[in-house]
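Trainee: Before I ask anything, here is the structure I am working with.
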Amino acid sequence: MPPSISAFQAAYIGIEVLIALVSVPGNVLVIWAVKVNQALRDATFCFIVSLAVADVAVGALVIPLAILINIGPQTYFHTCLMVACPVLILTQSSILALLAIAVDRYLRVKIPLRYKMVVTPRRAAVAIAGCWILSFVVGLTPMFGWNNLSAVERAWAANGSMGEPVIKCEFEKVISMEYMVYFNFFVWVLPPLLLMVLIYLEVFYLIRKQLNKKVSASSGDPQKYYGKELKIAKSLALILFLFALSWLPLHILNCITLFCPSCHKPSILTYIAIFLTHGNSAMNPIVYAFRIQKFRVTFLKIWNDHFRCQPAPPIDEDLPEERPDD
């Protein structure tokens, strides 16, 4: 083991690799399932595919770059900054995709009769494009000047060096904590989290209200329709918990770094916080896809057709989304 890599770093790298090995195949399988099953082509699954694409990129690109940054190679300042920014872009896209799915589920409960007229594939595509554009804006903001270049240049000049600074590439050396806390956390992480709390509370309220009133829905069976939506809402509550569990620790540590520079942060806490954020990408296929029967049946067909060489029966596109025991 190279002397520059500590035991904590080695453990961190191993966990990151494990997360990537789970995240990439799991999310590729989600995308594959939508491709082969026509029943998974409505607007709802467009958002799930967008989330899966972001999560594949987290496992295939963000995690390798995070490992590179953790090792800390010697690079030019802007080279290191370019390595750090994709992490911000793709993790932000995951957050916005989660929010889009929450809003989509809210609309299914709020306007069940008009849902398909309001949430069309075209509008879903526009929403997805908007999420990605916002993610690039948020993630590339450090490239436009909100970074630590001035401080690094002062230290570089104080040593009598000329030209662009060469530094040990580490995330906190190039990315401003003011950006991470005031802009990234207080604007693009915390508000979506709070908004999702409100959305999920409203979803539960609407479902309970409709179940009590027994108002007819598009399915013609209010108990069945809203009972299914209640099960889905419980999944959303789990997603909310996992989102908070995955993202808040790292941002709390960033706040400590900014507001209490003298406070000691054990390295192991930083490593745990980082792989929790990446681990959220590995959780999503399990929480979203495996609770939907159409996905489960399609996964089984893919497995039998392509890995066991045993063709599965044709997919019944009229399968209900939820099993009775979910």
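Cβ coordinates are placed from backbone N, Cα and C, and glycine is handled just like the others.
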Trainee: Please check, using only what Swiss-Prot records about topology, whether SER6 lies on the same side of the membrane as PHE307.
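Mentor: Domain labels do not match for SER6 and PHE307 in Swiss-Prot.
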Trainee: Of the residues ASN148, ASN159, give the one that Swiss-Prot describes as N-linked glycosylation site.
Mentor: ASN159
Trainee: Going by the disulfide annotation in Swiss-Prot, which one of CYS80, CYS255, CYS260 is bonded to CYS169?
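Mentor: Of the candidates CYS80, CYS255, CYS260, the one Swiss-Prot pairs with CYS169 is CYS80.
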Trainee: Can you name the far-off residues of the same chain, 6+ from the ends of the transmembrane segment (268-292), with a Cβ under 8 Å from a Cβ of it?
Mentor: 8-9, 11-12, 15-16, 19-20, 22-23, 26-27, 29-30, 33, 48, 51-52, 54-55, 58-59, 62-63, 66, 91, 94, 98, 101, 232, 235, 238-239, 242-243, 245-247, 249-250, 252-253, 299, 321-322, 326
Trainee: I'm checking region-level scores; what's the whole-number mean pLDDT for the topological domain 'Extracellular' (70-80)?
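Mentor: Value for the topological domain 'Extracellular' (70-80), mean pLDDT as a whole number: 90.
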Trainee: If you draw a 10 Å sphere on the Cβ of CYS169 (disulfide bond), how many other Cβ atoms land inside?
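Mentor: Here the count is 22.
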Trainee: Decide whether the stretches the transmembrane segment (124-146) and the transmembrane segment (236-259) have at least 3 CB pairs under 8 angstroms, with pairs required to be 6 or more apart in sequence.
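Mentor: Answer no, regions not in contact.
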Trainee: Take the Cβ of CYS80 (disulfide bond) and count every other Cβ within 10 Å, whichever protein chain it belongs to.
Mentor: 27
